[in-house]
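Here is the structure we will look at.
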Amino acid sequence: MDLVIQKYGGTSLGDASRIRRAARRIAAADKPVVAVVSAMGRTTDSMLDLARDLTDSPHARELDLLLSTGEQASAAALALALHELGVPARSFSAHDGGIITDGVHGCARIVNVDPAPIRACVQSGVVPVVTGFQGIAADSGELTTLSRGGSDTTAVALAAALRATACEIFTDVEGVFTADPRHVAEARKWDHLSYEDMAELAACGATVLAHSSVEYAGIHRVPVHVRSSTADTPGTWVTDLHAAALGGERSTAVGVVHRTGQLHCRLDGVDPAALGTLAARLADPTLPVDLLGHLEAGPPGSLRFLVNAAGRDRVDAVLADLCAAGAFAGRRWSGPMGRVSLVGRGFCRHQPEVRLLLETLRSRGVMVRDLTVQARRISITCAEHDVLDAVTHVHRLFLGSVADARTPAREPTAGRSERSGNEATRIVTSDR
């Protein structure tokens with residue numbers, strides 16, 4: 001259909017004036033609009049806090065019902081604002097929006113979309129305002145919520161099902177930058193990014209788009225436009241760009257992403273026969289285990305990984321059961337830690353980047369705890385207090401000379417010593 005999906009995040013709907021602004025944008029659009037909304041402001045976090053105040057182990061079904069009310073309120077409020085402008089609108093909840101999930105409470109995945117109710121609404125001249133972050137289980141008909149950032153995925157899924165011209169994601173930033181502009185003054189906005197590059201940025205911690213939404217967009221070739229909800233400026237298009245457009249086969253950096261609030265966990269005395277069980281339990285999508293792709297072998301019989309500090313108790317409970325079953329002998333926690341990732345392509349084929357990165361961080365006094373090299377990222381773990389310094393200097397080294405983010409960064413020059421000078425660094429390479 002010749003229409004656009006417009007998704008509005010929580011900040012973009014944070015109060016009545018912002019809701020009115022979103023309504024005016026929808027009313028002024030030159031094509032029919034299907035709106036998808038997140039909960040207003042910090043509503044979801046407030047609901048989570050309420051649930052945790054009430055119980056240490058919230059019932060999954062009831063928690064989903066509680067959390068879903070935020071998007072329902074946003075959808076109704078935006079529909080009211082559209083009515084006030086004389087624009088017919090109707091809010092759609094999970095039960096009538098056509099989003100079908102696999103039924104896993106708290107982290108459901110969209111398995112199908114029935115576009116019929118939304119299409120009929122558009123064809124009748126009414127603006128559908130759809131609740132993001134939720135859907136109905138295919139087998140039970142129960143309401144289920146998606147993982148955090150699920151409203152992005154809802155919007156992309158509807159765009160694919162309705163064959164929309166584009167999926168516009170309105171947020172509190174002007175697009176996708178080479179680093180967080182709040183911390184890196186030299187950060188530049190990309191005009192265009194490929195699905196693959198954006199997916200890697202999201203996987204490493206960039207919050208402008210949910211990783212699942214980028215994966216879905218890439219599979220269904222949905223053009224995604226990340227835009228500011230407060231300024232009428234060009235944002236960042238995420239589309240099916242060819243590698244040649246962004247540097248071809250040479251190594252090319254596209255961004256520096258960071259995560260803080262991490263804890264480092266080391267399991268000692270790991271039973272090799274239990275590795276499969278350990279990996280499967282830690283891969284539970286409800287657990288806040290960060291970057292499971294970096295579940296690594298340390299000293300003989302040990303494994304190391306990162307955990308979001310807020311979820312330590314839940315992870316520790318799982319580990320206690322596994323330890324009691326003999327999967328490993330003991331565990332050690334350290335932190336707070338952070339993760340800094342240089343995202344791009346061709347890093348495994350061009351080792352000078354690794355040397356330059358390590359030497360730069362060493363010269364700044366940043367102790368690199370772990371280093372992982374993959375085809376599309378170089379990631380380091382360091383103390384949390386060193387993260388922003390590391391981000392600034394890695395960005396300056398690989399992306400700071402970019403005059404315009406529409407062109408690829410210059411390839412770093414080689415020729416320096418290969419030693420990092422940091423004997424504590426553990427290096428894992430993968431051509432994934």
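Cβ atoms here come from the backbone N, Cα and C positions, even for glycine.
Annotation comment: TrEMBL describes K7, Y8, G9, G10, T171, D172, R182 as ATP binding site. Cβ neighbour count for K7 (ATP binding site): 28 (other Cβ atoms within 10 Å of its Cβ, all protein chains included). K7 (ATP binding site) falls within a strand when secondary structure is assigned with DSSP.
For the recorded site, E71 (substrate binding site), the DSSP three-state label reads helix. If you look up TrEMBL, you'll see T44, E71 marked as substrate binding site.
On the 0 to 100 pLDDT scale, the domain 'Aspartate/glutamate/uridylate kinase' (3-228) averages 95 in this prediction. If you look up TrEMBL, you'll see 3-228 marked as domain 'Aspartate/glutamate/uridylate kinase'.
Residues or ranges marked as region 'Disordered' in TrEMBL: 408-432.
Site extent for ATP: among the recorded binding residues K7, Y8, G9, G10, T171, D172, R182, the largest C-alpha separation is 23 Å. DSSP assigns R182 (ATP binding site) to coil in the three-state reduction, placing it in neither a helix nor a strand. Taking the C-alpha positions, the distance from G10 (ATP binding site) to T44 (substrate binding site) comes to 9 Å. A simple way to gauge crowding: the CB of G9 (ATP binding site) has 25 other CB atoms within 10 angstroms, across all the protein chains here. D172 (ATP binding site) sits 17 Å from T44 (substrate binding site), taking the CA atoms of both as reference points.
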